[in-house]
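What follows is a short report on a single structure.
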There are 4 protein chains.
Amino acid sequence: MTDFFSGIEKLQYNPDATELAFRHYNPDEVVLGKRMEDQLRFAVAYWHSFAWPGGDPFGDATFERPWAGDTMDKARLKADVAFEMFDILGAPFFCWHDADIRPEGATFKESRRNFEEIIEYFAAKMESNKTRLLWGTANMFSHRRFMSGAATNPDPEIFAWSAATVKLCLDATHKLGGQNYVLWGGREGYETLLNTDLKRERAQAGRFLQMVVDYKHKIGFEGAILVEPKPQEPSKHQYDFDVATVYGFLKEFGLEGEVQMNIEQGHAILAGHSFEHELALAASLGILGSIDMNRNDYQSGWDTDQFPNNVPEVAMAYYEVLRAGGFSKGGTNFDAKLRRQSLDPVDLIAGHAGAMDVCARGFKAAAAMLEDGTLENKRNARYANWDSEEGKSLMNSDLASIAQTVESSGMNPQPKSGQQEVLENIVNRFV
Amino acid sequence: MTDFFSGIEKLQYNPDATELAFRHYNPDEVVLGKRMEDQLRFAVAYWHSFAWPGGDPFGDATFERPWAGDTMDKARLKADVAFEMFDILGAPFFCWHDADIRPEGATFKESRRNFEEIIEYFAAKMESNKTRLLWGTANMFSHRRFMSGAATNPDPEIFAWSAATVKLCLDATHKLGGQNYVLWGGREGYETLLNTDLKRERAQAGRFLQMVVDYKHKIGFEGAILVEPKPQEPSKHQYDFDVATVYGFLKEFGLEGEVQMNIEQGHAILAGHSFEHELALAASLGILGSIDMNRNDYQSGWDTDQFPNNVPEVAMAYYEVLRAGGFSKGGTNFDAKLRRQSLDPVDLIAGHAGAMDVCARGFKAAAAMLEDGTLENKRNARYANWDSEEGKSLMNSDLASIAQTVESSGMNPQPKSGQQEVLENIVNRFV
Amino acid sequence: MTDFFSGIEKLQYNPDATELAFRHYNPDEVVLGKRMEDQLRFAVAYWHSFAWPGGDPFGDATFERPWAGDTMDKARLKADVAFEMFDILGAPFFCWHDADIRPEGATFKESRRNFEEIIEYFAAKMESNKTRLLWGTANMFSHRRFMSGAATNPDPEIFAWSAATVKLCLDATHKLGGQNYVLWGGREGYETLLNTDLKRERAQAGRFLQMVVDYKHKIGFEGAILVEPKPQEPSKHQYDFDVATVYGFLKEFGLEGEVQMNIEQGHAILAGHSFEHELALAASLGILGSIDMNRNDYQSGWDTDQFPNNVPEVAMAYYEVLRAGGFSKGGTNFDAKLRRQSLDPVDLIAGHAGAMDVCARGFKAAAAMLEDGTLENKRNARYANWDSEEGKSLMNSDLASIAQTVESSGMNPQPKSGQQEVLENIVNRFV
Amino acid sequence: MTDFFSGIEKLQYNPDATELAFRHYNPDEVVLGKRMEDQLRFAVAYWHSFAWPGGDPFGDATFERPWAGDTMDKARLKADVAFEMFDILGAPFFCWHDADIRPEGATFKESRRNFEEIIEYFAAKMESNKTRLLWGTANMFSHRRFMSGAATNPDPEIFAWSAATVKLCLDATHKLGGQNYVLWGGREGYETLLNTDLKRERAQAGRFLQMVVDYKHKIGFEGAILVEPKPQEPSKHQYDFDVATVYGFLKEFGLEGEVQMNIEQGHAILAGHSFEHELALAASLGILGSIDMNRNDYQSGWDTDQFPNNVPEVAMAYYEVLRAGGFSKGGTNFDAKLRRQSLDPVDLIAGHAGAMDVCARGFKAAAAMLEDGTLENKRNARYANWDSEEGKSLMNSDLASIAQTVESSGMNPQPKSGQQEVLENIVNRFV
C-alpha cells in the first residue's frame, strides 16, 4: 500500500451521509432487472486522474504527485496508486492510453517494452482486484511526431508508426480482457485547409480503420471498436466531428457494421449538440457503443472535462441509453479531470464519488421514466397515423400520384400541439 | 415600367466610379477562359429582396413596398419590379420559393393555380429578359401547417402536402429552364427530442428525397437536385446539419450520386465551420453543386444573411470552387437581405452591386492564386511520399506487417513544418 | 368568463398529482420565514402569453387566438383571458408593455387613449383579483419608428416620442401600484459601427435614464427603476450588454444608487455568463433588483425564452438571490413563451405550472443550502487570512513596502485546494 | 551572432517581392503626416516567439529551440536570438513578462536577481539596437502559486507576492524606457462561484491597481498603465471581461483618468465583440491605449493568438485607432504565436513579416478612408438634428414637458435608411 490516499477508506453506500460516501450509488441495488454496477459500468480514466499534472495553456503543473517522472519505477508507483483508488471507489472498470501508463522510450521498441511490462503489472494486479478494463486506446496526439496527425499524416512513416502503435494497444487490450477499443483522433484533422488534402487524408483514415477492424478479427478480439467524435481541439477541425459525420465516414468505407461510437457530453456540446442528441442519433443509426460522462462548461469554448453534476441532464442521457437497450460492452467512463486548483488526494476521490452519485440518481430517474411509459406512449401516439394503411402506402408512392390525391381529396391538414412543455413537466416528475 | 427604381439606371462597369456602378465586376472580362458572368453566375433571391418586409423577432415590417399584400395584382407588380431590378443589375439568374411569388390560396388547388399563373408571367418576361432561373424551391416552413416539419412531419398528410408541393415547384423549375432544384429543410428537424422519433423521421426524409430524384428523372429535368445544409434555426436541430451530415444521409439512402449540395456561408458559420471548409469537403466528396454567397455576422448566433463584403474570405471560397473545376450548373446566389434599416430602393441595388463587386474581386484573386500554382505545388509536395512505392504499398498492408517493419527498421519519423504562416502570406499576395 | 380555458380548473397544490397541479409550489408553505408566494413573487408576462402569435423569423403565426386583431374589443377580450389565466395559476403578479395591451393608434394621442382605457380596465379587474403588477414597461422596439433605437436614436424626435411613451407607462405603472418599472433597450445599440456615434448615443441614453429617475421622484413612484441587460438581438450590439456593462454606465451618469437590474437567464447565457454569475455580480455591486426566470437553449444562439425546467440551475440562481437577502420589490417573472408548436390553451397553463414547480423546488433547495451553512462557512474560511491584522494592513500598504516585506520575510506562499468538486457535491446534497 | 537565423537577411521593402520581404510595409513612407514606423509602432512579443515551446493542452513541445532550459546562460542566448530577430524585422519595439526572460529562482530574491541581470543584459543591447520597449508586464498566472489569482487571491501572501512582482517589473520597465506597463489578469477571476467572494476579490483588485498607479507616480514613470481585458481562459470567468466591464471597474475605484486599455482582437472575439467595437468603445470613453493585433480563429472557442491576415478587418481596427487620433504611447503588439506545426526559424520571420505587411495595408486603407471623409460626413449627417436648437434643448428637458410637446405637436417621426450596405460599399473602395 502506498500512503497517497492514507486516511481514506473504501467508500460505502449510506444515503444519509454528509461526508465522503455514496448517497445514491448502491452497486447491488437492482434497477431494470440488473445490479446498478452492471448497468452503469463505471470506469476511471487513467490519464486525467494519474497522468495529467494540472497544467493548462497558461499555467504549469499544480499537482505534486509522488509518481511524477518518466521512469518505470514511477510508472509502477502510479499503477499502485491507481489500483488503490479503484478499490476505494469500487470502480468496476478503468481505461488507459499507452502513453499514460509507460515512459516513452528512445525507440519504438523501447516504448513497446516499457508498455508491455506495465501491462503485465496491470495483469497481475487484476488477478486480485475486481476492476476490469473497459477500453484501451493509443495516445497519438501528444508526442510531437503526431503534430500533423497519425493515420492522416502527410508522412507515411507516421501512418506506419501509428499503425504499429494501435496494434500494440489492441494486443494489450485483448490480453487484459478489455471490453472495447477506442480511437479518438485528436489530431486527425487540420490546422489550415491551405496545406491539407482532404481527399487523401480521408482515404488514409478509412484505410487505417479498416486495418484496425481486420486486425481485431485476426486476433479474435471480441470487444467493440469505438470511434470517439469531437469537432475540434486540439485541431482547428477534427474529421470525426460528431456522430453524424462519423456515420457518413463509416458508410463510405463500409464499416458501419463494424464500428460504434464512444460519445462524450463535452464533445457533443462543442459540436453544437446536446449530449442526448448525439446518443439518440447514434442509437437510431445502430452505432451507440459507450459513453464518456463528463460535462463541459456551457460558457467555455474548450473541452473542460468536468465531472458530471447536473442530475436532470444525466438522466436524459441515460434515458437515451436505456431506450437503446442499455449498455452491452460499453459503460460510463469519466473522462473527467479535477479542476487544477483541486490539489488534494481527497479531491480525486470526491470528484469520482460525486459523479457516481449523480449518475446513479440520473440513471434511476431515467429507468423510472421508461417504466412509467407515459413519454414513450405520447411519442408513439404522435406518429400513429404513419402506422395506418394510408401512412404505409404513402411511403411507397410517388410525387405525381401523391399530388393528384392531395388536390382531389381537398385535404387540409391541421397542425397539432407538440406539447413540449407538457412533456418537460412529465420529465420533471422523475428527475 | 414601375416607378419603384425611378432614377436608377442600369449599372455600368467603371473601375473609377465612386457612385453606383461596378468597379470590379465586368461581365465580359475573361478569367480562366470564360467570361466572368459565366464563371460567377450571379443570382438574385426573390424572397429576401421582394418578399421579406423587414420584420425581425422583435419588430414589425419596416419596408413599405407598393407590392405588399396577398393578391395576384400585387404578385404581378412584385414580379415587374423584380425583373426591373434584374435588368438594372444585369443579373444572369434569379431564384424563388413558391410562396415568394404567389398568394397562398384557400386550398392546395387555388395555391397551385396562383403559382402557375405567376410562372406563366415569369415565362413571358423571360422571353425578353436575359435573366434565367438558377433554381426553384418550395417554401415548406412558413405556413403553420409545416410547423412540425414537411417530409419529416409526424402527420402523413403533411408529408403528402409537401410531396405535392415539390412536384409543383419541380415542374415549374423544369418549365422555366431552371439549372437546379433546391431543398432546404428548415423545419426538417426537431424542437425537442422528447416528442421526436429520429429513426422514423430519417426514413421519411430519405424516402421523400428518393421520390424527388425519381420524379426528376421521370420528367426529364436535367438540372441538379441540391440539398442546402443548415444546423439549426428555425429548428433547434436541423437534420441537414452540415455537408458531412448530409453526405452520411445520402450514403444511407444511396443518393450520393444523385444529389449535390447548395452551400451557404452563413450556415457553415452556424455549424462551426468556415465556408471554405464546407466547400472543400463537398468537393472532396464529389457533391459540390452551388453556393449561397451571403455572410453571417461572426458575433451573431442566428442567420443574418448579409451581403458578402470581405474580399479575402470570398476569395478563399471561390478558390475551393475553382479547385473543384468551377461551377457547372451551380452559381453564386445571394441569399442575402438588406438590413431592416435599409429602407430605400437604392439600398436594394447598392447591396447587390457591392456584393457582385466583392465577388468579382475575390474570384479574380482566387483565379490568380490557382494560376500561380505555388499553393497547390506546396500542398502536393507535402504528401509526395505517399506517391512513392513505399507509400502506396503501405496503404495495402496490415497492422501486423507494418508493426514488424516499424520496429525492425528503427524508423524515427520527424515532423516537418506545416508552414501555415508562409502559406497565408502567399494568399495575401493575391487577395 | 370567456371559454378559452374551459375545462381547466384553478390549480391546486397536490404533491402526488400526475395531472395538472402544483406538485411542489405551495403558496402558503413557509420557507425562510415567509410564505413561498411572498418569497418567489411569480409574475406572468403579458407579451409572450397573450400578444405573441407563434411566429418566428421563418414562419407565420401558429396560434389561433380569439383575441387576435387590433381593436379595443379584442384588447379587452385579451385582458379577460389574461386575468382568467392569472386566477387559474394563482399568479400574484403580472407584467406588461404598452404595446401588448392596447392597439396602436394613428397618433400618439390615440395610442395614449387606447392605453389608458385598458389601464382602467385592468384597474377594475385588479379590484376583485389578487394579481398585482410586478412591473410595467414600454415597447420601444417593435414599431418601425424605433428601428434605429429609442433614446439612442439619431433622430431627436424619436427620443422625444420615447420619452413621452415612458412617461405614459410610468404613470400607468404608478397608478396600478406597480412594484418596479423596467427598461429593456432592445434597439438601444447598433447594427453597424459605420453609421453609429457611440459617444452621442451613450450621452443620450444617460440623459434619458436620468429623466426617468427624475420623473419617478416627481410623481412619487416608490417602485424600483430596473434596467434589463442583454448583449444583442435584435441589435447586433446592445449597449446594456450585461450587468458589468450597465454598472459602468450607471457609474458614469451617477445613477448607481437609483437604478437596479432585472436579470434574465437567457440574456446572461447570450452574454457568455452563467445566470448565477450575473446575479452574484449584481448583488455584489448592490444593484440586484428582479429576475426573469426563463432559460435559453444552450445550443441556440438566439433568445429562446423557454420556461425554466432544470431544478439545479434554478436552485443556484435562487441561492444568489437569497444570499443577497431575497426579493424586496423584485420577483420572479417568466419572460417565457410557449414553443410555437404548443398550440393548445392547456399548454399555456402547463408551461407556467411546470415552471412554478421547478422554481419552488429550486428555491427550497437554495434555502436549505443557505440554512445548512456549509457552503458559506467554507467560502468564508477560504478568505479568513484577509480578516487578520496582517491581511487588513496589507490593503493599506504600498508596493514598495510590500516588496521589501516579501523579500525580507523569505515568504513562499503555497496554493491550497479550491475544493470545487467537494463544493459541487455539497450542492448536490440539496438540489 | 548566433546561428539560429543563419541565411536570413534583414528584411527589405520591395513591393514586387515573392520571397521574404515587406511588400507593403515601408517604415519611412509618410502616411497622415508621420512615418509608418512611427504610426504603427510594431512590437514583438517575447513570450510567444521565444518562451513558448509549441505545446498545447493535448500535446508536448514541438519546437526545438537551442535556448530551451532554465538557466541564465539559456536566458542570455534567448535574448541574443530575440534581438537578432528584432534586427531582421526592423522591429521598433518589443514586450516581455518577467517569466519570459529569466529563470524562476528558488526564492523571490533569486528570481529578482535573475530578472535584474537580464534587464541589464537587455539595456546593454538596447544601446546598440534601435528596438525599444513598448511595454513590460508581470506573468502572474503560470506558476502554481497564482492558480487562484494574484491580486484577487484568497491568500493575502499571494497578493503580497504579486505586489512585489509588479513593483519589480514596473521598475524594470521604467529603467528600460518602456512606453507603457500592462496588467493582464488571466487568473484574476474564478473557476467556480461556489468558492468565490466577488465583493472581496473586487476590492482587492481595486486596491491593487490603485497601488500600481501610486507607485508609477512615485517613481516618475511617465508611461501609461494599461489593463488588458479578456473574458475567460484560463479562468472560467475573468474580471476584466471586456472594455465596458473594465470601465465600470475603473469608475468604481476612481481610476478612469489613470488607466487605459490594451485591446486584443482575439480577446474581443471571445467576449462576443468585434475588435473595432472594443476599440471604438474605449475611444469613446477616453481609455484607448494600445493594441494587440493578433486574430482569433472565428471557429475556435479558445485564444488562438494567430498573426493577423485579413486586411479589411485590420483596416477597420486602424480606422478606429485613427479616428481616436492614432497612437500616442501605445502601439501594435503582435501577441501572436506560430502554429505549433511551424517548426522552422524562417516561420518566425515569415509570421511577423506577413503580419506587418497586413497591418501596413490595413493602416493605409484606414488612412485613405479617413482622408476621403465620406464615411465621417455621413455619420455626422445622420445625427445633425441633435445639433439644432431643438435637439440641444431636448437634452435639457424632462419627461412631462416632452410628453406634452409630442402630443400637442402631432409629431409623427419617420425612420430613415441606415444605409449599411452603402457604407460597406464605401469601405470596400478602400480596403
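Every residue gets a Cβ built from N, Cα and C, even glycine.
What you are looking at is a predicted structure, and each value in this text was computed from that prediction instead of being measured.
Site annotation (TrEMBL, ligand Mg(2+) 1) includes D:Glu228, D:Asp292, D:Asp335; from D:Glu256, D:Glu258, D:Glu264, D:Glu371, the additional listed residue is D:Glu264. Using Cα positions, the member of the recorded positions D:His97, D:Asp303, D:Asp305 nearest to D:Asp292 (Mg(2+) 1 binding site) is identified as D:Asp305. Summary for the recorded positions D:His97, D:His267: the Cβ-based neighbour count within 10 Å is maximal at D:His267. A Cβ within 8 Å of the Cβ centre of D:Glu264, D:His267, D:Asp303, D:Asp305, the residues given for Mg(2+) 2, is found for these other residues of the same chain: D:Lys230, D:Gln265, D:Gly266, D:Leu270, D:Asp292, D:Asn294, D:Asn296, D:Thr304, D:Asp335. Only D:Asp335, of the recorded positions D:His97, D:Asp100, D:Glu228, D:Asp335, have a C-alpha within 10 angstroms of the C-alpha of D:Asp305 (Mg(2+) 2 binding site). Secondary structure from DSSP puts D:Asp100 (active site) in a helix.
Neighbour density for D:Glu228 (Mg(2+) 1 binding site): within 10 A of its CB lie 24 other CB atoms from the protein chains shown. Around D:Asp303 (Mg(2+) 2 binding site), the same-chain residues at least 6 positions away in sequence with a Cβ under 8 Å from its Cβ are D:Lys230, D:Glu233, D:Gly266, D:His267, D:Leu270, D:Asn296. On the backbone, the CA of D:Glu228 (Mg(2+) 1 binding site) and the CA of D:Asp100 (active site) stand 18 Å apart.
In sequence order, D:Glu228, D:Lys230, D:Ile291, D:Asp292, D:Asn294, D:Asp335 are the residues near D:Glu264 (Mg(2+) 1 binding site), counting only same-chain partners six or more apart with C-beta under 8 A.
Excluding D:Glu228, D:Glu264, D:Asp292, D:Asp335, which define the Mg(2+) 1 site, the same chain contributes D:Trp184, D:Lys230, D:Asn262, D:Ile263, D:Gln265, D:Gly266, D:His267, D:Ile291, D:Asn294, D:Asn333 within 8 Å (Cβ to the Cβ centroid), listed in sequence order. Other C-beta atoms found within 10 angstroms of the C-beta of D:Asp292 (Mg(2+) 1 binding site) number 24, with every protein chain shown included. All protein chains shown were included, and the count of other CB atoms within 10 Å of the CB of D:Asp100 (active site) stands at 22.
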